[in-house]
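Chemist: My questions all concern the structure below.
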Amino acid sequence: MVKRSFGLPTRNIYLGLACLSLTLHLVLAFFCLSVLQTVCVLPSSLSSSSSVTGINAQHHQPFSSPASTSHKPPTSSVKDETHTVDPILTHLKEVRGPDALEALFNHPLYNLPQPELQEDDWLLKLKESKDVTDKGSEEESEEEALDDSQWQSASQEEGYDRATWTSDTTTHPPWLRFHLGITRWELYNRKDPTLVQLTHYLATQQILGAVQKTGGTQLKLIMSFPNYGQALLKPMRQSRDAETDVNLFYFSDFERHNAEIAAFHLDRILGFNRIPPVVGRLINVTTEIREITTDHRLSRTFFTSPVGNVCFYGQCEYYCSTEHPLCGRPHELEVSLAAMLPDLELAPRRSWRSPWRRAYSRTKLAQWEKDPVYCDTVKQTPPYNQGTRLVDLIDMAVLDYLMGNMDRHHYETFEKFGNETFLLHLDNGRGFGRHSRDEPSILAPLQQCCRIRRSTLLRLRLLSRSGFRLSDMMRTSLAQDPLAAVAPLLSELHLSALDRRLATVLQMVQTCQNQHDDVIYHDTEGYDKEYDQQPD
Ligand SMILES: Nc1ncnc2c1ncn2[C@@H]1O[C@H](COP(=O)(O)OP(=O)(O)OP(=O)(O)O)[C@@H](O)[C@H]1O
Ligand SMILES: [Mn+2]
């Protein structure tokens, strides 16, 4: 009786619940399809990339975990009040992982129109074959010209390939294609497949030679490959998580191999393309240095440590002693390998002292640290008084601030291009030393000059948005490096420091704009319409 008297109402309740559940499912399915299409469909490669990087998602949207991102919208993008007013966001797609990096690089701000390249905008050029045979012609003496005959070694050195390159670029090894692709405006074209081939080449080619590089203060080696490519090696000296001792001056800090690697990725993500490609590699110090080196100053410094690891220290000014050994485990050592720039004889470079160079002294201050209107003087001094040199320097200060590099005493340019060219951002080994502290003085050029390229500013803003967040882009980009399989190239603490520092840069530009009129250097003509509503 009791059962029967409750039967009908219970059935109605069940029916009602079923209808409600069906409606909810339909609404959910509709929402998922229409609004979250890009989030729901995750690229198949994600799970593999996450296992390689071993990402700890404590502080970030875990792009590596499809389950956790696929059914709810990222909260920060929903909160973003500028979503409907900022045209930049019309290009924003909520994607994660490798696709997000690709989406960033496909954004119009990373594909701004470039002036058409003229013949003298290329650093090197191949000689026409008629020039090679036409001995005595004036063009023969052109320093920047390469001719096929240079590549044919008369005496075949052991292990080296016989060069069979012709003027057909498909016969060229990646390092040569990289050299031939350098222009007045950038070191490499991000979309050129040469870049991927070059990094793969550096990471995998057999090492035939290893000698110390002269010049500079810390140990560096030049490694040679079978088809005459070379790379600049910086070794791992300390664990990735070791923070620079607070009592060490910037000029005493160790150089870090992972800083060289991360700086290349950061520079590329900022859209500069001014750092030679760098990859990480595990090398065998016995077979790939000790047994092949012809450098006696280097080979003399090898020894076996008390626990049986093979170590060496080389000869240089800083940290080349038994107390600072570079040790394999027992043979394997992590290193960074940077693609070498063309030989100085083919493409001479000019070294410029940075106006914001530090004093490199325990006690002295540089002029820019004492004079609040220092930039007024710089602005009137060639080459900073015209062209893009000042804003180029400010781009470099932003890059250095983001990675905490206080060691930018000089920068270089290719002599061929005079003053109208990009700045090479070489030597980044002292970046990424501290994540817990930001060094405001690195931003002095921006703070004192209150000037920035519009394209740089717009890209920085883009990188502060969810979906394109700088830390996420860096994590994804660094996961492509071979050493990411050993451990993430930058710890999460360093990655979040990047976002924090980026916010500081944007805040500084805002403060400048509140006080000055001519903060923006307009370099995005023709694209202004698209960003009309972008506040600057
Ligand atoms: N990828 C490269 N290809 C060719 N030359 C390079 C490359 N990177 C650096 N160099 C050259 O080697 C020199 C020394 O390198 P780097 O600056 O990294 O060493 P360093 O020991 O930090 O020097 P310093 O102590 O003077 O700062 C640079 O000034 C530059 O001219
Ligand atoms: Mn240095």
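In case you wondered, yes, glycine gets a Cβ from its N, Cα and C as well.
Predicted, not measured: the structure shown is a model, and the values here were computed from it.
Features from TrEMBL:
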- 56-84: region 'Disordered' (REGION)
- 56-77: compositional bias 'Polar residues' (COMPBIAS)
- 132-166: region 'Disordered' (REGION)
- Gln218, Lys234, Glu255, Ala338, Ala339, Met340, Leu341, Glu412, Asp427: ATP binding site (BINDING)
- Glu255, Asp427: Mn(2+) binding site (BINDING)
- 302-517: domain 'FAM20 C-terminal' (DOMAIN)
- Asp407: active site (ACT_SITE)
Chemist: Give the distance between the Cα atoms of Asp407 (active site) and Asp427 (ATP binding site), rounded to the nearest whole Å.
Modeler: 9
Chemist: Same chain only, sequence gap of 6 or more: which residues have a CB within under 8 Å of the CB of Glu255 (ATP binding site)?
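Modeler: The answer is Gln218, Lys234, Arg237, Gly429, Arg430.
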Chemist: Within 10 Å of the Cβ of Asp407 (active site), how many other Cβ atoms are there?
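Modeler: Neighbour count, Cβ to Cβ under the 10 Å cut-off: 20.
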Chemist: Taking the Cβ of each of the binding-site residues and counting other Cβ atoms inside 10 Å, which one has the highest number: Ala339, Leu341?
Modeler: Ala339
Chemist: Going through the binding-site residues Gln218, Ala339, Leu341, Asp427 in sequence order, which have a CB under 6 Å from an atom of ligand 2?
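Modeler: Passing the 6 Å Cβ check against ligand 2: Asp427.
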Chemist: Cβ distance under 8 Å to Asp427 (ATP binding site), same chain, sequence separation 6 or more: which residues?
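Modeler: Those within reach of Asp427 (ATP binding site), by Cβ under 8 Å and sequence separation of 6 or more, are Gly216, Asp407.
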Chemist: Return one of helix, strand or coil for Ala339 (ATP binding site), based on DSSP.
Modeler: strand
Chemist: So for Gln218 (ATP binding site), how many other CB atoms are inside 10 Å of its CB?
Modeler: 19
